[in-house]
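Trainee: Just dropping this structure here.
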Amino acid sequence: MVSGSKAGVSPHREIEVMRQSIDDHLAGLLPETDSQDIVSLAMREGVMAPGKRIRPLLMLLAARDLRYQGSMPTLLDLACAVELTHTASLMLDDMPCMDNAELRRGQPTTHKKFGESVAILASVGLLSKAFGLIAATGDLPGERRAQAVNELSTAVGVQGLVLGQFRDLNDAALDRTPDAILSTNHLKTGILFSAMLQIVAIASASSPSTRETLHAFALDFGQAFQLLDDLRDDHPETGKDRNKDAGKSTLVNRLGADAARQKLREHIDSADKHLTFACPQGGAIRQFMHLWFGHHLADWSPVMKIA
């Protein structure tokens, strides 16, 4: 069972403790291996590189707000399955045939360090591990496990991350409308946020209306998250290649930074309203969301170390 917030513990400290529990669980899922097992080594290094862990953190916070009654190991398995999926998608996104990135999470990308073939195989290995984790979750009835697997597979597939990356590769240089950009942003970013919250809702036996409202929240949160990422494209502390959006039709490039920041705030306000209905008795996600975006929107300050 997920406990509530502890009295006297700052939100920042609590997030750090939760993130450490996620990192520890990930390390256990991908133990250190013989240096000759290059694919397993690439999987572990890709996952264990310093990351924000936003997705698994949100899952733990959502479990608190939704009054999840299962075990913490099961919840961590579900959360880490999503993080493995996210990391696999980053490995593929960074490939020379796609974004051709050299830096990720402050370190050389997987294909730069291990080669392209290893990066592809490592991403497949991570996806396999992710689905296996959910399928083997002992605390959940079989029907719920199947629903959770379906949520994640749909988010990853040809109507999810795959389509989003295809559009980003082929349409980003075009003069896209704002709606077209928003659609691609949802597929690239928002759809995995939606899937992970649905997985927590399934594990928490939440009502259909709650799940529907969480989906609406994820739509707005994902758009805000992508806008923040685009606004920080040239920021030196992202741990990624800088100015990768030059020449692309992002909302920031199309509307300007000030208008994009205003659009971001509108998405946060809308997401907050959805949370009021989805989690009326819990405020863990809401507090995290406002802390996270508030600090970054204020002055791009790196002071908030949950970044």
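Using the three backbone atoms N, Cα and C, a Cβ is placed for every residue, glycine included.
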Trainee: Which single residue out of Q36, Q147, Q226 does Swiss-Prot record at the (2E,6E)-farnesyl diphosphate site shared with R104, K188, T189?
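Mentor: Same (2E,6E)-farnesyl diphosphate site in Swiss-Prot: Q226.
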Trainee: According to Swiss-Prot, K52, R55, R105 bind isopentenyl diphosphate; identify which of H86, H111 is listed for that same site.
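Mentor: Only hit among H86, H111 in Swiss-Prot's isopentenyl diphosphate site, alongside K52, R55, R105: H86.
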Trainee: In DSSP terms, helix, strand or coil for H86 (isopentenyl diphosphate binding site)?
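Mentor: Reduced to three states, the DSSP call for H86 (isopentenyl diphosphate binding site) is helix.
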Trainee: Return the residues near T189 ((2E,6E)-farnesyl diphosphate binding site), defined as same-chain residues 6+ apart in sequence whose C-beta is under 8 angstroms from its C-beta, sorted by sequence, else 'none'.
Mentor: G164, G222, Q223, F225, Q226, D229
Trainee: Which residues, in sequence order, are found in the same chain with Cβ within 8 Å of the centroid defined by the Cβ atoms of K52, R55, H86, R105 at the isopentenyl diphosphate site, excluding those residues themselves?
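Mentor: Counting only non-site residues, the set is G51, R53, I54, E83, T87, L90.
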Trainee: Compare all C-alpha positions of R104, K188, T189, Q226, the record's (2E,6E)-farnesyl diphosphate binders, and send over the largest distance in angstrom.
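Mentor: Of all Cα pairs among the recorded (2E,6E)-farnesyl diphosphate binders, the widest measures 17 Å.
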